[in-house]
Amino acid sequence: MNKKKKSIVIFTGPSGVGKGTVEQLVFNYDELNLSLSCSATTRSPRGGETNGIHYYFISKEEFKDRIKNKKFLEHSFHFDNYYGTLYSELDNIIARNKVPFLEIETNGAKIIAQKMQKLKNPPYNLITIFLSPPSITDIYKRIKNRGTENAQTIKNRVNKAKEELLEAGNFKYVVYNDRPERAAQEIREILHKELDID
């Protein structure tokens with residue numbers, strides 16, 4: 001079977017590291033044939049976010065029902081909300097001969113990697129990429145400049161980011177986001193190698 005068809009890109013890093021910015025640049029490289037996997041969440045949409053594009057915004061009751069029915073590859077609870085990757089989303093992307101690109105929280109990425117390691121014949125080739133910030137100060141500034149969180153939430157996110165940075169070594173690739181364009185180019189090179197793109 002084609003290696004590219006079975007591959008899944010797991011893109012993670014702390015809140016405020018600039019994943020969204022770098023991701024947009026990576027998606028400009030058409031030859032990578034990526035398709036963003038839309039996660040489900042119970043949090044409220046931020047300005048400009050659309051259901052089914054940025055996230056599937058669902059109730060906590062519906063989310064818990066899907067957990068019970070084993071509809072998630074992974075799910076986690078943080079910042080008072082659930083987040084998860086639906087098997088159906090991955091299946092739909094792979095059926096279109098695209099490579100699923102999951103931008104997910106660090107703990108969710110670890111759960112997927114651990115789950116695949118336990119399997120004798122894992123169904124996916126995982127390409128795990130951790131985006132690292134220049135400094136914690138940069139994380140603080142980015143989150144504050146969003147203008148969507150209060151002071152306590154910002155503090156919580158920065159503290160969580162410090163914890164997540166300790167996990168960077170658990171991922172196959174660590175990309176330093178000193179400049180988004182450079183980080184995106186490095187990810188492009190990683191994916192060319194991993195997906196056997198000439």
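Quick reminder: no glycine exception, Cβ is built from N, Cα and C everywhere.
Just so it is clear, the model here is predicted, and its values are computed rather than measured.
Per Swiss-Prot, domain 'Guanylate kinase-like' is recorded for 6-192, and the stated evidence type is sequence analysis. Across the domain 'Guanylate kinase-like' (6-192), the prediction's mean pLDDT works out to 91.
Of all Cβ atoms in the shown protein chains, 22 besides its own fall within 10 Å of the Cβ of Ser15 (ATP binding site). Look at Swiss-Prot and you will find Gly13, Pro14, Ser15, Gly16, Val17, Gly18, Lys19, Gly20 tagged as ATP binding site.
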Other than Gly13, Pro14, Ser15, Gly16, Val17, Gly18, Lys19, Gly20, which residues of the same chain sit close to ATP? List them in sequence order, counting a residue when its Cβ is within 8 Å of the Cβ centroid of the site.
Leu131, Pro133, Ile139, Arg142, Ala161, Asn177
Other CB atoms, at most 10 A from the CB of Lys19 (ATP binding site):
19
Give the sequence-ordered list of residues that share a chain with Val17 (ATP binding site), lie 6 or more positions from it, and have CB atoms under 8 Å from its CB.
Leu131, Ser132, Pro133, Asp138, Ile139, Arg142, Ala161, Asn177
